[in-house]
Amino acid sequence: MMDQSLTFDLDLIHRYDQAGPRYTSYPTALELHENFGEADYLRHIEQSNRLGGPLSLYFHIPFCDTVCYYCACNKIVTKNRAHAEPYLNDLCREIEMQGALFDRGRVVDQLHWGGGTPTFLNESQMRRLMASTRRYFNLREDDEGQYSIEVDPRETDDRTIAVLRELGFNRISLGLQDFEPDVQKAVNRIQTEQETFAVLEAARNEGFRSTSIDLIYGLPLQTVESFSRTLEKVLEASPERFSVFNYAHLPQRFKTQRQIDDVDIPAPEVKLAILQMVIQRLTEAGYVYIGMDHFAKPNDELAVAQREGKLYRNFQGYSTHSECDLIGLGITSIGRVGDAYIQNVKDLDTYRQTIEQGRLPVFKGFELSRDDKLRRAVISGLICHFELEFRTLEREFSIDFKTYFEQELIKLQKMAEDGLLTIDTDQILVRPAGRLLIRNICMVFDRYLTEKQQFSKVI
């Protein structure tokens, strides 16, 4: 059973703080290219069906009622709910086309609605979307799947939560970010404590198995004291999970972030002090650090899976299901089928035209080589379990680990000397001081990194 302790070492963080990928995949989505098309996707689906196994579905609902200035998601901001109807028509048609390609016997173990704001859809639209999914895919009826949704408490009431539970959702994630009025005003997201906790209570009353709260540190006007107030209020509500993200201010890439005044962004030392406070308070409250900004109660399925060596990571984040092929549905969504990553087109007009022509809306993709799959296994092991057993990879990929990764092991020696990890004869073990810097460790094994790529800071 693995040790799940965590050490905040400010000196090490300063020494290693740099920009890097979040590794929801390896290679990252930046490597997807337009030379991969619909025919390539169909070939990988055929290979996948021969192997069988469960499926995971991701649905992208891009609409938002208002724009949050910090947001880097692909979204369409409109107050006109009717705008969702044509998109829903196209999405249901894509569900039909994709569903026909996968063997009906393959059970959907995972399902997620993300966005945007999935709760932008009204009740009839949500029912229609789930009915279409159930018609063309083999959804579970025993409530044992991981069926999750992101909700905006500002437009979610008890009735909405009841409908979502009826439709089969059993996990829910609430966007919050910060309760402080001046911070909310600075990022254009006004959200009360009352409406947030009402949704949390409704989810529990309806029998949702897991509730998660999203917070962001590094937003304009935040201080250690102000963010501590938000954290204490949320701790009283005792969600099963926390996601505490580092705000990546990249206004050159994301236009909405240009609405944020640079002078209001907390200084790096303030952000680190906020993070230190968050780690201290969450661990004092009994939460376990899963990794990559995520905390969970010790009895939560993610924490249990990590202790048992059964935790995985994919485009949807941490998961207890490893073997699922992931099908992305809707604009910009990314899937993983067999040894390929696939991304849909990014704009509504192109999506609609492609669907109307009866074609899959594949925009680009990537076919993994043997080396890619090996390095993906290395990075996944480090991120999910903070350890790597050489023999397991040697058996699976028919390599000698120390020979294959000779240069990488040399680079890791400095990290070992600094106390981030230990390298033994048969394994790499990430130490408590290295867990916050796991992205840095993984970057050593990444063959695609270039100085031109733009990522958020690792801390």
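Easy rule for this one: first residue shown is 1, then count along the chain.
Cβ coordinates come from backbone N, Cα and C, glycine included.
Database features (TrEMBL):
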BINDING   TYR58, GLY115, GLU150, ILE334  S-adenosyl-L-methionine 1 binding site
BINDING   CYS64, CYS68, CYS71  [4Fe-4S] cluster binding site
BINDING   TYR70, CYS71, ALA72, GLY116, THR117, GLN177, ARG189, ASP214, ALA248  S-adenosyl-L-methionine 2 binding site
DOMAIN    49-285  domain 'Radical SAM core'
Judged by other C-beta atoms within 10 Å of its C-beta, the most isolated of the binding-site residues CYS68, ALA248, ILE334 is ALA248
If you measure between the CA atoms of ALA72 (S-adenosyl-L-methionine 2 binding site) and TYR58 (S-adenosyl-L-methionine 1 binding site) and round to the nearest Å, you get 18
Least surrounded, by Cβ count within 10 Å, of the binding-site residues TYR58, TYR70 is TYR58
Mean per-residue pLDDT in the domain 'Radical SAM core' (49-285) works out to 96
Of the binding-site residues CYS64, CYS68, CYS71, the one whose Cα sits nearest to the Cα of GLY115 (S-adenosyl-L-methionine 1 binding site) is CYS64
The largest Cα to Cα distance in Å among the residues TYR58, GLY115, GLU150, ILE334, listed in the record as binding S-adenosyl-L-methionine 1, is 17
Neighbouring CB atoms within 10 angstroms of the CB of CYS71 ([4Fe-4S] cluster binding site), all protein chains considered, total 20
For ALA248 (S-adenosyl-L-methionine 2 binding site), the spatially nearest of the binding-site residues TYR58, CYS64, CYS68, CYS71, GLU150, using Cα atoms, is CYS71
Within 8 Å of the Cβ centroid of CYS64, CYS68, CYS71, the other same-chain residues by Cβ around the recorded [4Fe-4S] cluster site are THR66, VAL67, TYR69, TYR70, CYS73, LYS75, VAL77, THR117, ARG189, THR256
With CYS64 ([4Fe-4S] cluster binding site) as reference and a Cα-Cα limit of 10 Å, the qualifying binding-site residues from TYR58, TYR70, ARG189 are none
Rounded to a whole number of Å, the separation of the Cα atoms of TYR58 (S-adenosyl-L-methionine 1 binding site) and THR117 (S-adenosyl-L-methionine 2 binding site) comes to 14
Quick note, THR117 (S-adenosyl-L-methionine 2 binding site) and ILE334 (S-adenosyl-L-methionine 1 binding site): C-alpha atoms separated, nearest Å, by 17
